[in-house]
Each structure stands twice: as C-alpha cells, then as structure tokens.
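Everything below concerns the one structure shown next.
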Amino acid sequence: MSWGTELWDQFDNLDKHTQWGIDFLERYAKFVKERLEIEQTYAKQLRNLVKKYCPKRSKDDEPRFSSCLSFYAILNELNDYAGQREIVAEEMGHKVYGELMRYSQDLKSERKHHLQEGRKAQQYLDHCWKQMDNSKKKFERECREAEKSQLSYERLDNDINATKSEVEKAKSQLYLRTHMADESKNEYAAQLQNFNGEQWKHFNVAIPQIFKNLQDMDERRTVKLGETYRSFAEVERRVIPIISKCLEGMVAAAKSVDERRDSAIVVESFKSGFEPPGDFPFEDFSQNIYRTGSDGTISTPKNEGVRPDPKHSMGKAKNKLWLFGKKPKAPTLEDFSHLPPEQRRKRLQQRIDELSKELQKEVDQRDALNKMKDVYEKNPQMGDPSSLQPKISETMCNMERLRSEIHKNESWLSEVEGKQSSRGDRRPSAEVNHHTPHGRESPEGSYTDDPSQEHRSPPQPDPHEFDDEFDDDDPLPAIGHCKALYPFDGQNEGTLVMKEDEVLYIIEEDKGDGWTRARKQTGEEGYVPTSYVEITLEKNSKGS
C-alpha cells in the first residue's frame, strides 16, 4: 500500500506523522541514555562497595580462614560482575544510543529535503493555476466587450438617423473586439491545457514519488527501531555467560568454607606448646604457727623457713618492688623468646624461609654478575670486567650475612624443638627439685657455660611508666600457684628471684604483657616472666 496513491491529498498529515516518528525515535534514545547511566552508577557503586570491604593489607595480615578467603573471593567475583555492568553501559552507549542519535540527524535532513520538494511542486502547480485563471478571466472580459460592440453595431445599423461613418466605426470596433476575444480564447485554451497537464503530473508523478520517499524513510526508521531494540537485548545477552561464571564462582567460594580447617588454623595460631598443669601442691600453713617452750614462755621463731608477718613483709617489699605500680611491657626479642614455644617455633621457621628466599636472590644475582664478567673478559669492547667487582663483592657480603642469619635462626629453632621434646618427657612435680648444671638450656634456647650469661635479661621496665601499685599493706590473696621451669635472677627492680622447680603463689595473672605477679613462701612478692613458669589457678578464680 503506497502513500503516493492512497494519501495523495494528505500532505499536511504526512508532515505531522514523520515529525512524530523522529520525536519517538529520539525519546527512545533518551530512554537508552538514562538506562546506561543507571548501569554506570550501579557498576561504580559495586566497585566502591568491593573497595570498601577489601582494604589493602600487608602480607602478615592476609586472611587464612576459609570463611575469610571465601568472602574475598566473592568480592573479587562481584568486582568482575561490576566490570560486566560497565561493558553493558559502554555497549549501550556506542551501539544503541550513539547509533540512534546519528540516525535521527540523518532522518531530519532527509525529511526536510522531501518536504521541500513537495512544497516546491505544490507552489509550481499553484502558479500554473493562477496563469490559467488569469487567461480565463481575460477571455471572459473580452467576450463581454465583444458582445457590447456587437449590440452597439446592430443598434446603429438599424438606426436610419445614424450616419455611415458612425456605422463603419461601430463595425470596425466590433471586428477588433471579436479578434481580441478570439485571441483570449486561444490563450485561455492553451493555459487550461498546460494546467491540466501539470496537475496530472503533480498528482500522478511528483507527489507519489515524494510521498513514496517519505514512506521509505518512515519504514527505515521503524526497522531501525526494531534493530536497536534487538541490540538493546543482545548487549545484556552477551554478558550473561560471564555473569553466570561470576555467580558460579561465588557459589564455589561458598562451598569452599571448611569449618574444620578454620578450627585447625585457630589451633595453629594460638597453640603455646606448654603442657597442662600438674597436681595442685600441698600448702603447709602450720609452719607459721609459733611453738611454746617447756618453760611456758613463747620461743622466738626462726627466720629460716618461717613465713613472716604478711603486713610486715609487704611493708618492706613496698619500697623494693614496682615504684609506679605498672608492670613492664615485654618487648619483641630477636629470637622470639618472649613467645610461647609453639608460636616461637613458627615465627623462627617463617623467618628462616624468608631469609632463604633472600639468599637465593643474592645467589642468582651473583651468578648473573659472574656470567657478565666472563663475557666482558672475553669481549672487552662490551664492558670493563673490573666495573662489576664492587657489585659482586657487595653481593658476596650480603650472602654471608644472610647465611649467618639463617644459621643463627636454625640454631634457635633446633633448640626450641629439642626443648619441646624434652619437656614432653618431664613430668611436673611439686615435691621434687631438679638442679640444672652449668651449660643447661635457657628459656630462650641458647646454651652457655657461663652462669652470668645463662639466659637473657628480662625486659627493662621504664620507671616513668609505673604508678604506685602497692599502697595497701594487706597482702593480695593467692589465686593459684606456679612452678618455675627455669631459674630467674630478678636483677631488675620489682622482679622476683626464683630457682628452677621452685613453687610460688600466684597473686595476679598475666595482663597480656608477659609478666605474672607471684609471692614466695617467705612473703616476698614481685613479677616473674610468664613463659618461665607453669601456672595452676584455683577453680574459683579461673572464671574471674
């Protein structure tokens, strides 16, 4: 069905319809633009969300629990999903919105051209009609004048009083008007024939062709809309496989959560390597009872082996122990002796692995420098071999330093492992004292024959950090007991000297700084390293 034949007289309506078609196309383009902006905002918000919950971490802070690893895997998949949303927005902007806007401009230009041709054709037809109408009016006017001349001639010819000259003049006038009427008739006939021909061409050739062009343009616009509708959906369809893989990755990450593995990691992270405490020792309070003599007088108590008055001993200890009330913070030692055995072993093994990697890098660098030196010696034009010697020497020094560090850490590691195996064979007892000769193991795992160098000094307390902690004269109640695994010289102010296997009373637990407050049977109080003792707490104090 053709617009040219069916709608030959609907030029104005076709003008409005084609304009509506272009407006609709631009409205759809605006819809696509807003949709892609939503996709861009969605993708940006997803990326910000992933960035918020995936902070930058150091190597030591990397998560090891399967639940954490799965969560971070899900965040990575979500980040990839956000990338696919960005692709959707980009494809919509390029293949749909951009294409629609370009096509809209082309349609506007083409429509303007066709409508201008239609208006020109209509204007030419109107011009032909005016010429025909003018000739028609002229012919009509000449005919009336000729009729008047004929009536005037007949009146004079029948008038007996009219002169011959008047009759001749009327006759010539009639002849002139008749001739002019004939000419106007011929002109009118020609103009009428021309107008009819132009009108036929206008409604049968020009207008149908113009309307056909408008119809083709409108149909192409409709086809273009259908193609962009399809492209709009295809953009989504193309990313569905990758999005499905992202979702599958999230499901796989969820399935990889292993509660038993996480529990094992907790054990590995916090296992101290110590054995559970042994039996609670018998506390003989009767040795502090004053005995009566045979003469009824009170005997003087002996100083040795007798527990003095707690108030008196605390009064003396107040000036000797911590002056400012705070216990010293245990610093991080090079051999990790401040850590429990199991944690110390792991840290030493980790350091050995890191040093081994650094050593391997230095070895590779040395081999590369030696090869380059050989090339320079064989081909002096390529470089000076002596220029590489400082770098080689530096590399050799680094290698020696790293080997020394590895050997030192391996010694500590072997001592820790030997100590753990030997401690497993020892059975804790409150009644047997073990005397260790010179050359024994120190808590840090280093062997020495010098008694003054038997173990490392404990952390030095900073006197400016401590407040008065012993203002009360009443002694603190014992909340448990401990057995010394190693001797401690207690050279620092506020510390307590103890011998190996000596049993002490616990009056204050370790607050997390590596020190435990204890009391001897003589009443002397002070702090001892927590890692040097084996602690057993009262049942009613473990929950407090």
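Cβ from N, Cα, C; glycine included.
Curation does not apply to TrEMBL; its annotations are automatic.
Marked as coiled coil by TrEMBL: 136-173, 345-379. Marked as compositional bias 'Polar residues' by TrEMBL: 292-302. Look at TrEMBL and you will find 410-443 tagged as compositional bias 'Basic and acidic residues'. According to TrEMBL, the compositional bias 'Acidic residues' annotation covers 465-475. Feature annotation from TrEMBL assigns domain 'SH3' to 477-538. Annotation comment: TrEMBL describes 292-317, 410-478 as region 'Disordered'.
In the predicted structure, the coiled coil (136-173) carries a mean pLDDT of 87. Long-range contacts of the coiled coil (136-173) within the same chain: residues 180-181, 183-185, 187-188, 191-192, each at least 6 residues beyond the stretch ends and with a Cβ under 8 Å from a Cβ of the stretch. Across the domain 'SH3' (477-538), DSSP classifies residues as 3 helix, 29 strand, 30 coil.
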